[in-house]
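*Asks:* Here you go, one structure.
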């Protein structure tokens, strides 16, 4: 069944733009947050400017009536700075979090058609990496997308508006000071961007992959803890986690250093802006073009402007982090499905279920998603109603691929009909309601036995569940373990391989598939248990009149099967 994983998929710009558009809040919600942010930043600048004017003017000891408006202004701007900042945070985070839910739902919807074969074979997060990497993409990378609105778009617009208004006011007070402010703001943006890119640019892009690598290492350690302890491999696994953690820590520290250097560069230029404002204002004061309070405003206003404007260089670093996360999400959940994943036709119709059907393949070929080499080549096979067919062949012969093709988990080239109906014209779900698959390693959820059975048929009563457990010889075991409330453990850790296979068979009986494909039910159990499982599968199928395609390397008594089929090299050798 295994094939070499291809290189991880590189997402297109269109894929990345789609993710970024999805992460950006709606225009109205974003505009509200930006408006509150601009009001908060404007209040901060006005607070320092009016305070400077008030202190300098009060030193001249004018009548109190000349200061009352400024006093009220200082109070209003002080309250407004905090009040509008709170509203900006509230509106911005509410809008961003609403969009994150949409991103996760979109990502999940795009992953569903890929499962199970497209996830591990097309470079979409599970092929070379593990579940920890996919979890990091689904959780951490999606969380990082909130920064697109909060730390990229909003700061750029808010700081730009505040800086533009402040420059206009400074020009109105003294054109020379306005030019100095423009020059220092431009220098701060360029210097901050360059310093941030030099010191933290590479680190910003590496954080997400290294974080995913750490999640992968920890998840592998936790899942395999018993095995690692049993074979004395726990220290090596812990060392891998430590190495991954240390690598992430180094990169995070490097990013923090870059952010500190960026803030330092902006602060130096803020001081330079104050010095240039004084250099332009003192001669104007001496010439009588401005008064003392205005000089105080020209000296202190740049400090407030730079406090707001300092977010711009940092927004570039946030953009690199957001884009990296968007690339990883786009690579995991692409717009277009890879070749080999079946897609319902636009005019697909329902397939009416009438008894046990005939399945027929003719000149059928297939390849695993993301792979170029065919795994099935010109297969000719017919399964008549009620047949119990044993499919044998060496490892890599294409037996599992045939099972997945019959259940429409991978696409086929050639003819495939169910009772004469072309399966390419009907919905995949309708095909899978008729042709069921018991996998070689059935997945059991970390829930009780009841929930793992109801997964096959949600409307089944407890009496029906107990009855099907009796049919697969698990009734006594279930009663001893606590009935339908028996816990399964993570990935079925609390049950044996044989019990897991019987639970999978119980699911298939509940789903009442007319055609059942059973893939290597004896692979993870000893010979005696495997023989009993095979006997129960085939005898139950004979009682119900259903068709069974049993894939197995083990010998099966001749009286249990009606026909034997052998495969090799993706071809059915005898039928």
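Cβ coordinates are placed from backbone N, Cα and C, and glycine is handled just like the others.
Note: TrEMBL annotation is automatic and uncurated.
OK, TrEMBL features for this one:
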- 31-321: domain 'ABC transmembrane type-1' (DOMAIN)
- 359-573: domain 'ABC transporter' (DOMAIN)
- 30-56: transmembrane segment (TRANSMEM)
- 62-84: transmembrane segment (TRANSMEM)
- 156-174: transmembrane segment (TRANSMEM)
- 180-199: transmembrane segment (TRANSMEM)
- 259-282: transmembrane segment (TRANSMEM)
- 294-319: transmembrane segment (TRANSMEM)
*Asks:* Please give the sequence-distant neighbours of the transmembrane segment (259-282): residues at least 6 beyond its ends with Cβ less than 8 Å from one of its Cβ atoms.
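*Replies:* Counting only partners 6 or more residues beyond its ends, the transmembrane segment (259-282) has Cβ contacts under 8 Å with 170, 174, 176-177, 179-181, 183-185, 187-188, 191-192, 195-196, 199-200, 290, 294-295, 298-303, 305-307, 309-310, 313-314, 317.
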*Asks:* Please indicate, using numbers and ranges, the residues of the same chain that are 6 or more beyond the transmembrane segment (62-84) and have a C-beta under 8 Å from a C-beta there.
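*Replies:* For the transmembrane segment (62-84), the far contacts come to 36-37, 39-40, 43-44, 46-47, 50-51, 53-54.
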*Asks:* As a test of reading the model: what is the averaged pLDDT for the domain 'ABC transporter' (359-573)?
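*Replies:* Reported value for the domain 'ABC transporter' (359-573) is a mean pLDDT of 87.
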